[in-house]
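Data block below; observations after.
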Amino acid sequence: MAELEGLEFGKSDFVLLDEVTMEQFMENLKLRFEKGRIYTYIGEVVVSVNPYRRMEIYGKDTIDAYRGRELYENPPHLYAVSDAAYKAMKRRAKDTCIVISGESGAGKTEASKYIMQYIAAITNPSQRAEVESVKNVLLKSNCVLEAFGNAKTNRNDNSSRFGKYMDINFNFNGEPTGGHINNYLLEKSRVVQQQNGERNFHSFYQLLRGGSDELLQSLHLQNDPAAFIYTKEGAATTSNNDRASHKAVMSALEVIGFSAEEINSIYQILASILLLGNLQFESDGESVQILGLEAVGHVSELTATEADSVRKSLLFRTVATGGGEVIEKGHTEQDTCCGRDAFVKALYERLFGWIVSRINSVIEVKDYDPVLHGKNTVIGVLDIYGFEIFDNNSFEQFCINYCNEKLQQLFIELILRQEQGEYQREGITWQHIDYFNNQIIVDLVEQPHKGIISILDEACLTVGKVTDTVCLESMDTKLAQHPHYTSRKVRTDHTKVLDFKKHFRIRHYAGDVTYSVEGFLEKNKDLLFQDFKRLMYNSANPVLKEMWPDGQLSITEVTKRPLTAATLFKNSIVALVDKLGCKEPYYVRCIKPNEMKSPVLFDDARCQHQVAYLGLMENVMVRRAGFAYRQHYARVLQRYKMTCEYTWPNHLMDSDREAVEAIVTQHGFQDDVAYGLTKLFVRTPRSLFTLEQERAALIPILVLFLQKIWRGALARTRCRRMKAIYAIMSCYKRYKVKAHFWEVERRFANVRTTADYGKSVEWPTPPAALSQFHNNTVMLHRRWWARQIVKNIPPSDMLEVRAKVAALTALSGERKDWGVGRAWQWDYLADARDSPQTSSGFARVSKELRNKDDHSRVLFSGFCRKVNRFNKSTDRSLLITDKYVYKLEPKKQFKVLKRLPLDLTGLSVTDGVDQMVALHTSSQDDVLLCLQRGDLGANQDRVGELVGTLVDHFTRIRRVQLPVKVCPSALQLHMRGKPKSVTVETKPGQTSADFKKRPDGFVLLVPAN
């Protein structure tokens, strides 16, 4: 737990005061201010005193110290109430709001910025890009809205001259997903007039002091606020931070998503306002003229309108007669000035409204679906103008102070009256506390037909010349008996204070305020000639055109009378209060310690007045007499039942109240609670925190238990599902196997009677489980089919078939042609058809060799071209028997030149159509030859026949394998132990194949055709 403050800093919660008196309250408040402790609690309400200096209590370490902590764990701070609102929103999915109130200069705007900074810092720990983008826009929007909506007043250097309520949307994870900003009653009259010592809105001075020379030149401006009527009042008090602020605003606009064209349009509008303010008019008695039309040209250029249209809109008013005729009515010099001022006020007001709506379009929650994204919760932050009492209080102060009356009424409703009413309804013993109910003041302003707003509206609607004085007389007549209203006519005892026919006074909850009625009706009507609206709508600038949609109406169109400014403001404030009333509120009550903006001065009387009208004393009394926490029994039980053995997981008692009593008794909190009819009331937060701590310790255990149960259930479900899946798969596999067998049986049922024995029948695709079985079955069928074919072959042809099968296997399809399609003759030298002239002589020699060498069969014979031992090629005859290889001389009656045993180690052939063969021997003295064709066929390939015969003989008779190598390029062999390489080349003009020697071996030259 974090370290708390010592007693030397006073009481950190006013509820802990020894006695609840104004003296003790002020003494504690002053002590804490002097000690640098600007925050103090009243229960869950934070009282903040403006320190008028920068304090080092808002850094990252401070944020980490308050993240996820209970209110009383750390010293009072804005971060504590921000975290409480965030936790309530996230834990209970409850919309919350933080209402920041106090008079002008009390530090409300700074408080709202620190609250936004804290919420941004504690969310999105995973740094998701889309969430960071939303956070950046929300934070940067403050900078932009301050520039265009804040101004320096005599009470505050950065006074909000508009009301702002921001809703921040969160998803179910507690991460910001968007937001929405509502603005209320911009003080647009400040554009044309400021009180002595005050400034116009910051945006004008930031542009004039911070804009580059190129920018100002393009806008026809100069960097001197004193040169313009609307900014000269604040020129002497121009802040040194205007340049830096201008850069920050430009950067913020870009981050938010404003385009370069939109940013340029914003500053063109500001420049137009300044130039319009410098226009001067003169009258000759009949018409009004503009002095210096160059400025009009500049305005038309900046607003993308016609210069003549700008001039006519300023000097004339277009009016439609009853007959539909349109005429131009010239203004007086006074009307021209008033119309010009009304135009620039409306121009700035619509610019500000457009900026707010543009920001909203960026930060709004897009594509939200509760089913997909869960519940969308909201934290609202209200930063609205404080109670104002100036030397001259006009219509704006009247509206602002009415707004503060409504917010005070909400505070009373939620914090005081509602609290006491709940105790009474629940039957809790309670000591009634008197408090001031300001409903009577609210009714004075907003009551239908009788309130001041209704009287103002009635005066604005009355036909004829109704002045502010006549309106005041009407208020004096209708409100004379009201205890909170007075004027010179109603109360003669105020003669020295109130001017006759000018002033009236309202006794607000914050004190008496005297209002000057001058300008009330004009500001309430908020009249703007239609000519200006049409001028802006017809602008070529799309931003300006978008701001003035009502300018599209024709002058002859009759429209409904618009609501007055006061009524519009009243409706927006009523809607705001309704919106706040449906959320769980958290309050920050800001106090201004002095009028000098001093960090050390504490004005007791000034502060005591604020404490009184803010109702802080009554708040302390209610908190001391009340209970910090209350909740329905069912919800208490639901949240804390796991902390008691008698209520977990479900209780067996007669009611939820008895179950809650069991929880309280087990923890020993009997003296710190009260039991209402439907709710449990806990007096101190510490008891609640103890329950939360125990619950937090048990939650991981329960989560693990639930995870175990759930995972077991999932595992059992998954197991049952898998069993079912495997059962289905098993049945399906069996079905697929049987179906495959049935299909095979159907297709091959009659193959015995077909001509090709089922060779053309297409096999069905087998299931994966039968792939190997399918391959075996196909192989069996092929063997059966081969057997059936072989059975029909005559025995005399079997030798040739075996040789061809052997050749097919040995050549493996690598040789293009190997004579498979013709009948093989084997012994071509003895065949009279192939060798008609030499066959008889060879037959005699072959018979002699059979008798001599005792061989049983001639495997192959034929003519060939052979390389001899002198590396020269000659014509020879080749005879291969089952025992020997004979080299014969055909020219000498087939004389045996050489006899080799049939102990070959392999054969080598090429993959072409040439007839070259190499017979490899174990002595590395291989035989290289090229077979020659006889008379049976000029193009017969006899290499395949030689290979098949030898391979079949070695495999079937000798039971050894004879390797056959098909060479795609060079054929390799050894001759007399030396390696040789033989290639094949085609030579044009070559008549027959012949060998030619080369350094590494030989080349076989073959004819081109």
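In case you wondered, yes, glycine gets a Cβ from its N, Cα and C as well.
Unlike curated entries, TrEMBL annotations are predicted automatically.
Among the ranges 527-549, 573-595, 596-618, 619-641, the stretch that TrEMBL annotates as region 'Actin-binding' is 573-595. Within the chain, the region 'Actin-binding' (573-595) has long-range Cβ neighbours (under 8 A, six or more residues past its boundaries) at 29, 33, 42, 44-50, 52, 78, 81, 84-85, 88, 94-108, 111, 115, 155, 165, 182, 184, 378, 380, 382, 386, 402-403, 406-407, 409-411, 413-415, 446, 601-603, 606-607, 610-611, 614, 616. All protein chains shown were included, and the count of other CB atoms within 10 Å of the CB of T109 (ATP binding site) stands at 23. Secondary structure by DSSP for the region 'Actin-binding' (573-595): 9 helix, 8 strand, 6 coil.
In sequence order, S48, K108, G386, F387, R589, C590, I591, K592, Q610, L614 are the residues near G102 (ATP binding site), counting only same-chain partners six or more apart with C-beta under 8 A. With a cut-off of 8 Å between CB atoms and residues at least 6 apart in sequence, the same chain places S48, V49, N50, P51, C590, K592 near G107 (ATP binding site), listed in sequence order. Within 8 Å of the centroid of the Cβ atoms of G102, E103, S104, G105, A106, G107, K108, T109, where the record puts ATP, the same chain has further Cβ atoms from N50, N156, S159, G386, C590, K592. Less than 8 angstroms from the CB of G105 (ATP binding site) sit N50, T153, R155, N156, S159, G386, K592, K597, each of them six or more residues away in the same chain.
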